[in-house]
């Protein structure tokens with residue numbers, strides 16, 4: 001007779017099954033722990049960041065001379081299409097969802113996301129999207145060559161005649177990515193509304209959580225338009241419907257409305273969480289409360305609302321009626337107001353502070369300075385007459401890369417460095433971090449500033465070859481591009497080696513306020529031993545007031561000696 | 001005392017920033033190609049205003065930002081916190097109101113400039129009836145020099161009509177009065193020109209940087225587009241809307257010439273018999289086809305398969321110069 005245990009196996013919430021691995025192998029499972037999923041998102045997206053970056057360096061190699069001589073024109077077109085698609089759908093969105101996934105439940109004092117299994121499903125769709133995107137290199141005819149906009153009729157042209165082609169795979173990938181993001185948005189919005197710790201009123205909620213909420217609300221109203229447009233494009237391409245095909249009476253401009261209704265606000269989906277991270281990082285490393293916290297929090301929601309009325313500014317030259325040009329010019333420029341509120345708030349936060357140039361602080365400060373520049377050129381683009389000259393030129397490419405690389409990627413780096421000790425329990429190497437920052441900041445300026453004069457001179461974007469007059473600035477931009485590629489090496493080295501053998505630091509090495517710093521590093525499966533009861537706002541620097549009522553104040557004396565020496569020497 | 005010092009420092013900084021902004025505004029004119037159309041002058045003035053204000057805002061924000069980074073650093077062993085200042089209602093109202101006034105002003109100035117440019121012809125794709133916006137600007141009183149030039153040109157001569165056909169990958173210009181076609185765009189100086197833009201296949205962008213003007217060309221639509229060249233010379237027309245494989249090569253020369261020379265060119269072209277013009281896309285495609293291993297069904301290119309370019313256009317006039325060393 002065999003012994004049958006009558007005790008139920010111990011099931012830990014967050015584990016898909018009893019005895020799920022508690023080491024690095026858990027990152028390869030269908031885990032429902034938001035922290036595991038967060039890191040899964042971040043690492044996966046970084047893999048694709050390197051692929052997308054490699055494509056961009058081949059493109060900059062092509063553009064270092066005026067002729068189309070390094071790669072064939074079709075290859076070049078595929079490269080810029082896949083560069084844009086991968087960087088948006090496989091890098092920026094997923095990495096920010098990953099950071100949000102990791103941080104939001106910790107910051108609001110929740111044990112997990114509202115729908116842990118949905119969360120895991122959302123993540124596991126991302127590798128599927130990536131495989132679809134990359135597998136298009138293997139089908140006859142190669143990947144999509146119509147740009148990440150996939151504007152018809154170019155995207156409806158199918159030289160191979162095959163049913164399975166790069167464009168079809170691209171559309172499927174984007175549609176799946178859209179479904180994944182909608183599921184993620186439902187999860188985030190529900191979590192933030194319903195799972196905040198007792199006492200965490202809206203104006204005790206950290207600015208990062210506000211910004212994630214604002215971003216995910218955009219996903220909810222915007223993504224159905226993009227996904228719907230993608231499905232209509234797929235039908236036009238495969239079964240011959242005529243939504244957008246002009247030879248069958250369709251209207252290609254209609255696609256542009258579907259596409260930009262989401263894809264301009266998508267910029268705010270990406271930048272809002274980064275604004276949130278700046279708002280978290282500056283107070284910690286300047287030892288001051290976030291200046292104008294309530295207004296900064298509310299301005300995130302204001303951006304969500306205004307961003308629903310900006311999409312036509314991408315179509316000023318697309319036979320758009322005059323009245324529409326004027327209306328969208330004003331609404332586009334209005335985004336400057338909530339953005340300006342944030343920037344002024346950050347400047348006031350560091351003003352008179354006790355600033356330490358740690359790596360996350362350097363990335364945050366660098367990112368903010370880049371954002372100021374990018375925001376101003378954004379106002380230029382809102383103006384109809386200026387936009388008529390510079391849209392579809394390198395001025396636009398320079399502008400949005402200053403937003404995407406200068407502000408967003410640098411903000412992501414700032415966030416990863418800042419919360420690295422929380423995620424791993426170990427400290428990264430400051431020297432490598434600072435080297436990484438220096439290379440990134442210089443590389444960003446060298447690559448993307450020259451694109452502005454190129455655009456003013458009239459160099460169109462997406463060209464594989466160009467006139468001789470554009471050569472000078474292109475050479476500088478290419479050198480900058482290679483430098484940016486190089487800049488990722490110290491980061492990878494730092495992350496891998498620090499995670500394995502970095503200095504072990506306590507729960508709160510930055511002496512930061514915020515619920516996430518109250519728990520252990522890395523946090524336990526259920527985040528908190530006892531759910532916190534919040535009794536004050538999130539940025540109590542200089543005020544010596546408790547953050548929560550039922551656990552001790554955040555440890556404010558713990559500060560690694562080695563770090564002090566590095567930062568102040 | 002401290003307050004007075006702060007006011008003096010801020011005032012000096014504001015003056016320096018204003019001077020730098022003024023300098024940048026002046027510099028901005030040099031960042032563009034020559035101003036070859038009346039509309040270009042209008043745009044450059046607007047851009048200069050944006051550059052000046054943009055520089056002022058940038059330096060106004062970055063100055064205090066850098067100041068605090070330099071002077072508000074924590075001391076070596078200083079683990080204390082800064083002053084817990086959380087907000088200032090007056091300051092927050094000011095820095096919300098200032099950008100609001102600024103963007104509304106810039107929108108208004110942009111609107112006035114757009115109205116003066118009047119690049120849309122009578123075929124404006126407007127479904128909403130808004131007469132004051134559809135009215136061409138030259139029917140209104142003018143105050144700026146370029147606008148006077150446009151007005152003068154419009155009043156003294158009929159508008160020159162030219163049809164533009166865009167395709168993958170060539171530009172063809174058709175002069176309907178003389179029934180002449182060309183792959184090089186010839187325009188008379190100081191006269192209003194009206195283009196009717198058509199596309200035979202995909203979206204293209206009609207873009208002449210020296211004119212600062214651009215208009216997408218949409219299949220199944222005829223789009224009217226007006227401008228006034230004011231400077232003789234040869235400029236470049238580029239396709240600004242990604243149109244497929246040979247997009248980058250879809251360019252043409254624009255020759256702005258005195259009216260008599262323009263008429264002479266028209267007369268000469270009218271006597272020429274139509275012949276195929278050199279076309280970069282067709283040239284590159286045929287080179288790819290010539291490679292070893294190419295068959296009728298499978299084009300051996302180093303990359304992937306492509307839509308074949310349209311046959312080289314047959315026109316009355318084609319520029320004689322062909323590339324010495326065509327790109328691979």
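Heads up, the Cβ atoms here are built off N, Cα and C, so glycines get one too.
Here TrEMBL flags A:24-535 as domain 'Cytochrome oxidase subunit I profile'. Model confidence over the domain 'Cytochrome oxidase subunit I profile' (A:24-535) is summarised by a mean pLDDT of 95.
The region 'Disordered' annotation in TrEMBL covers A:546-569.
Long-range Cβ contacts of the transmembrane segment (A:36-58) within its own chain (Cβ-Cβ under 8 Å, at least 6 residues beyond either end) map to 14, 26-27, 29, 70-71, 79-80, 82-83, 86-87, 90-95, 97-103, 119-120, 123, 126-127, 130, 134, 416, 423, 481-482, 484-485, 488. Taken from TrEMBL, the feature transmembrane segment applies to A:36-58 (among others).
Taken from TrEMBL, the feature transmembrane segment covers A:78-99 (among others). Listed as Cβ neighbours of the transmembrane segment (A:78-99) (distance under 8 Å, sequence separation of 6 or more from its ends, same chain) are residues 37-42, 44-46, 48-49, 51-52, 55-56, 58-59, 71, 122, 126, 129-130, 133, 136-137, 142-148, 166, 170, 173-174, 177, 181, 184, 215, 266, 269-270, 273-274, 277, 404, 408-409, 412, 415-416, 419, 462.
Taken from TrEMBL, the feature transmembrane segment applies to A:120-139 (among others).
Per TrEMBL, transmembrane segment is recorded for A:168-195 (among others). Within its own chain, the transmembrane segment (A:168-195) has Cβ neighbours under 8 Å at 81, 85, 89, 93, 97, 100, 104-105, 108, 110, 113-115, 118-119, 121-123, 125-126, 128-130, 132-133, 135-136, 139, 143-144, 150, 205, 209, 212-213, 216-217, 219-220, 223-224, 226-227, 230-231, 233-234, 237-238, counting only residues six or more beyond its boundaries.
Panel annotation: around the transmembrane segment (A:207-239), residues 96, 100, 103-104, 107-108, 150, 152, 155-156, 158, 163, 167-168, 171-172, 174-175, 178-179, 181-182, 184-186, 188-189, 192, 245, 250, 255, 258-259, 261-263, 265-266, 268-270, 272-273, 275-277, 279-280, 290, 293, 296-297, 300-301, 303-304, 307-308, 538 of the same chain, lying at least six beyond its termini, place a Cβ under 8 Å from a Cβ of the stretch. Here TrEMBL flags A:207-239 (among others) as transmembrane segment.
Sequence annotations record features per position, and here TrEMBL assigns transmembrane segment to A:259-279 (among others).
According to TrEMBL, the transmembrane segment annotation covers A:291-314 (among others). Away from its own ends, the transmembrane segment (A:291-314) comes close to residues 202-203, 205, 207, 210-211, 213-215, 217-218, 221-222, 256-257, 260-265, 268, 272, 275-276, 279, 320, 324-325, 327-329, 331-332, 334-335, 337-339, 341-342, 344-346, 348-349, 351, 381-382, 387, 391, 537-539 of its chain (Cβ-Cβ under 8 Å, at least six residues beyond either end).
Here TrEMBL flags A:326-349 (among others) as transmembrane segment.
Outside the transmembrane segment (A:361-382), and at least 6 residues removed from its termini, the chain residues within Cβ reach (under 8 Å) are 271, 274, 277-278, 281-282, 285-286, 313, 329, 332-333, 335-336, 339-340, 343, 346, 350, 355, 390-391, 395-396, 398-400, 402-403, 406-408, 410-411, 413-414, 417, 433-434, 437, 440-441, 444, 452. As annotated by TrEMBL, transmembrane segment applies to A:361-382 (among others).
Counting only same-chain residues 6+ beyond the ends of the transmembrane segment (A:402-420), those with a CB under 8 A from a CB of the stretch are 42, 87, 92, 95-96, 99, 102-103, 267, 270-271, 274-275, 277-278, 280-281, 284, 358-364, 366-368, 370-371, 373-374, 377-378, 426-428, 433, 436-437, 440-441, 444, 447-448, 484, 491, 495, 498, 510, 516. Positions annotated as transmembrane segment by TrEMBL: A:402-420 (among others).
Within the chain, the transmembrane segment (A:432-451) has long-range Cβ neighbours (under 8 A, six or more residues past its boundaries) at 60, 358-359, 362-363, 366, 370, 394-395, 397-398, 401-402, 405-406, 409-410, 413, 417, 473-474, 476-477, 479-481, 483-484, 486-487, 490-491, 493-494. Here TrEMBL flags A:432-451 (among others) as transmembrane segment.
Per TrEMBL, transmembrane segment is recorded for A:471-493 (among others). Listed as Cβ neighbours of the transmembrane segment (A:471-493) (distance under 8 Å, sequence separation of 6 or more from its ends, same chain) are residues 49-50, 53-54, 56-57, 60-61, 63-66, 405, 413, 432-433, 435-436, 439-440, 442-448, 450-451, 453-454.
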